[in-house]
């Protein structure tokens, strides 16, 4: 599903941030991406989201080389991925429903289909009935679940989470992780960037560890 | 949390065109309908957005409307001035006012003599009676003139030199000859004042065009700047939309509709301002016109001019918005 082949990323100011990174996530796999800050975690995520391009090497997502994607086709690649953020990145002046519906509206789904899928996604994350609330009226854990519903509503083959439990207490974190495992069970590939060691150790999943731009465990 | 029971994801085969991999469900008509709905939604929600910030919107549209009213108002003034000079072709007609003692027969003979000259195209004699009738009709002093015992108007001979006689010197020579002749009390060349009036009008027209261009540019820039601020205010929203796979076209759409509404509403408001100004002026213009027996009527915007005004203001605002969007949306990249 996601393959890194000899990926290098160099910035003019800081030099090589990623050096010869290789890994292959199979469909339905969950992996933690970890490492000290500055090790290159966020660069890996940026490369996958095509916010940045690799200096060398290939990244293949769902059979497509990201380096060959034209700028105007980037939005279509992003629709194959659901992104989840530490700070949720919700639209504060829109209702929960509108926030979750955004990817579907963008992809051009009809009104009824949008409505049906948004309800299904909110049901999965346990927020059915809160469609009309604004994000600020929700707790941190609930906001994160809105973010997750938005990430999965379009049924992407891959979910990418950047410190999804960073702002949550251990109990809520465990709940979110359980949710991820449910998505894994239906074939979604999930990559979670995190430095929550205790959480990573508790869960028995693959770990990709970066150290100064190199993959040391993977 | 509920158990997920259906998440139908099958391994996908490689498809060459990225765009086909995650397009919306449903058949073509469904998607077309969704597309149309999106446009309709943007169309009305951008209007709603303008109304949701009435103060800002009023300020913006007010400024634009004043610019449009100024340009179109000046245009109307010029159109009305032009109306005054239509029919006043740049003629080189010469009017000869004969001495009072000259009889009608004498005048006709004199006219015949003029006709014989080679460079004369047309000669017309206006008798005292005809002059009086004309004067009564057009001067507005008809009633006063009735009181006079004796017709004070002279016989006038209108001389139109041949078209070939465009040479200024030859024309002046002819004019001087007439002046010297014994029958003529006073000669007047119409060309001079017609030329003067026409050059005033054409200067005014050129000023109107220049002013319209400047104010049109103002509309363009103000609309663009308004959209730039709007993009700035909705920065977060744009970035999030990009992250979940929105194309630049999708992101631009509501902003373009905002530009459309700004331009259209400003055009309508500008039209109302210019028309109101003219309505205020109308009474005094009608009074003035009344003095000349209604020879002049104030002209307002015609249907086609109104249509053109609205189309132009809308187009300028949309193009201004589009250019700003084109550069700014590209720059806004998710972090």
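Backbone N, Cα and C atoms are what each Cβ position is placed from, and that goes for glycine too.
Any TrEMBL annotation is an automated prediction that lacks curation.
Record features (TrEMBL):
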DOMAIN    B:93-185  domain 'FtsX extracellular'
DOMAIN    B:210-325  domain 'ABC3 transporter permease C-terminal'
REGION    B:1-24  region 'Disordered'
TRANSMEM  B:59-78  transmembrane segment
TRANSMEM  B:206-227  transmembrane segment
TRANSMEM  B:255-280  transmembrane segment
TRANSMEM  B:300-325  transmembrane segment
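Residue counts for the domain 'ABC3 transporter permease C-terminal' (B:210-325) under DSSP, helix first, then strand, then coil, are 100 helix, 0 strand, 16 coil. If you look at the transmembrane segment (B:255-280), the same-chain residues 6 or more away from its ends with a CB under 8 A from one of its CBs are 42-43, 46-47, 49-50, 57, 60-62, 64-69, 71-73, 76, 219, 223, 226-227, 230-231, 298, 300-301, 306, 309-310, 312-318, 320-322, 325. On the 0 to 100 pLDDT scale, the domain 'ABC3 transporter permease C-terminal' (B:210-325) averages 91 in the predicted structure. Summarised by DSSP class, the composition of the domain 'FtsX extracellular' (B:93-185) is 43 helix, 20 strand, 30 coil.
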